[in-house]
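Features of the protein shown, as given by Swiss-Prot:
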ACT_SITE  Asp194  active site, proton acceptor
BINDING   Leu73, Gly74, Lys75, Gly76, Gly77, Tyr78, Gly79, Lys80, Val81, Lys99  ATP binding site
COMPBIAS  7-21  compositional bias 'Acidic residues'
COMPBIAS  437-466  compositional bias 'Pro residues'
COMPBIAS  471-482  compositional bias 'Basic residues'
DOMAIN    329-399  domain 'AGC-kinase C-terminal'
MOD_RES   Ser15  phosphoserine
MOD_RES   Ser417  phosphoserine
MOD_RES   Ser423  phosphoserine
MOD_RES   Ser473  phosphoserine
REGION    1-26  region 'Disordered'
REGION    407-482  region 'Disordered'
MOTIF     471-477  motif 'Nuclear localization signal'
Amino acid sequence: MAAVFDLDLETEEGSEGEGEPELSPADACPLAELRAAGLEPVGHYEEVELTETSVNVGPERIGPHCFELLRVLGKGGYGKVFQVRKVQGTNLGKIYAMKVLRKAKIVRNAKDTAHTRAERNILESVKHPFIVELAYAFQTGGKLYLILECLSGGELFTHLEREGIFLEDTACFYLAEITLALGHLHSQGIIYRDLKPENIMLSSQGHIKLTDFGLCKESIHEGAVTHTFCGTIEYMAPEILVRSGHNRAVDWWSLGALMYDMLTGSPPFTAENRKKTMDKIIRGKLALPPYLTPDARDLVKKFLKRNPSQRIGGGPGDAADVQRHPFFRHMNWDDLLAWRVDPPFRPCLQSEEDVSQFDTRFTRQTPVDSPDDTALSESANQAFLGFTYVAPSVLDSIKEGFSFQPKLRSPRRLNSSPRAPVSPLKFSPFEGFRPSPSLPEPTELPLPPLLPPPPPSTTAPLPIRPPSGTKKSKRGRGRPGR
């Protein structure tokens with residue numbers, strides 16, 4: 001993993017290969033002089049005219065001028081996310097998502113700077129069909145730019161909000177793709193730590209992509225732990241809350257909370273404020289609705305084990321243990337990885353520029369990248385050395401061997417009211433929480449009696465949480481930097 005944005009990219013001056021022998025005078029002798037001496041070079045050769053276009057050919061010069069702003073996709077405290085079209089250089093006309101971060105806001109805190117570095121490095125190094133791809137990265141005097149593949153299917157949150165709850169086969173598909181993505185991150189020593197519906201995007205074909213790697217932790221392999229308090233409360237594992245040290249098992253707790261959310265309409269532990277929500281996560285009872293199948297019930301309970309060593313996926317097997325659970329018995333994992341399994345929902349898009357799956361609060365705004373007039377100190381700019389990056393080949397490096405023409409299957413919809421959005425409580429990694437001394441260490445608690453079954457007239461499972469007629473603002477939605 002590159003450190004502090006360090007990348008081995010060729011510059012316009014070229015790069016010298018290490019260990020290559022220097023040319024002798026004879027080797028460097030021009031071809032014309034060899035022929036004048038009556039000598040012909042041995043083997044194949046090619047005469048190359050030295051011009052500005054044939055010498056010092058390096059990575060494409062990339063900058064804001066290469067992109068036309070089309071729409072605003074998101075906005076947050078650190079900057080904006082735009083839909084853009086490339087108007088210069090290679091991939092002319094291609095649509096991307098451009099994340100713009102303000103340096104001045106990031107460098108105020110060392111941990112924000114470190115998390116920005118981590119996100120940049122992870123996006124550059126991790127290639128997987130279910131992880132968003134970085135195409136370019138560059139910077140100006142006051143801003144950082146990440147050019148990502150544009151995922152026009154929108155957030156999984158939007159679709160979950162629209163449906164209310166998912167049927168188990170629908171949830172199984174999304175959970176399986178997320179499992180493969182998490183397993184790949186873990187194999188690289190990376191903990192994701194912010195799994196939630198808002199950070200899961202859908203491609204135009206309907207497959208998931210994990211996004212927003214600002215809270216990831218690198219270099220956490222088997223046996224290592226970290227203690228940073230970060231994430232979104234409703235999906236955070238109890239060992240993060242009590243600060244007992246955590247490892248990659250926290251991602252499996254979050255996946256269990258997400259699974260519960262998909263199947264019931266809300267995360268497993270919620271309350272009217274942060275403190276009570278935390279208390280419930282640490283020592284609350286888990287209530288499972290009766291309409292869940294035995295396999296779904298069993299997997300949720302194994303994901304939400306409070307002891308990380310007893311949690312499914314928490315052992316050396318990691319994702320492989322999750323994949324072997326009976327809930328996924330009908331899943332062909334090789335076909336899933338190759339995009340040969342039909343998604344349960346395929347976004348209805350009119351064109352590459354279609355933003356109908358995004359929040360209209362943002363897409364209706366006029367896209368403007370404000371002037372870059374911030375002057376940072378030399379020491380502040382040192383934090384972003386080596387940020388620039390151009391992908392060796394856009395898309396091809398992660399798509400070899402995969403089929404990208406899945407068959408269209410009509411989505412199965414529920415006749416339930418729209419789900420009232422959860423308000424994720426996004427904490428900065430340095431914001432502390434000290435649990436009450438009365439709270440015990442996390443232990444597995446028995447389940448309460450089953451909830452009463454849905455009314456006989458119901459044609460589909462009902463969410464546990466009653467739908468609300470008013471929408472709550474979704475804190476953290478569209479936050480490009482964190």
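Note: Cβ is positioned from N, Cα and C throughout, glycine not excepted.
Counting only the Cα atoms, the space from Leu73 (ATP binding site) to Asp194 (active site, proton acceptor) is about 20 angstrom. Over the domain 'AGC-kinase C-terminal' (329-399), the average per-residue pLDDT in this prediction is 77. Geometry remark: Lys75 (ATP binding site) versus Asp194 (active site, proton acceptor), CA distance 18 Å. Lys75 (ATP binding site) counts 18 other C-beta atoms within 10 Å of its own C-beta, drawing on all protein chains shown. Summarising the environment of Gly79 (ATP binding site), the number of other Cβ atoms within 10 Å of its Cβ, over all protein chains shown, is 25. The DSSP secondary structure for Lys75 (ATP binding site) is strand. Long-range C-beta contacts of Asp194 (active site, proton acceptor), restricted to its own chain and to partners at least six residues apart, with a cutoff below 8 Å, comprise Asp212, Gly214, Leu215, Cys216, Cys230, Gly231, Thr232, Tyr235, Ser254.
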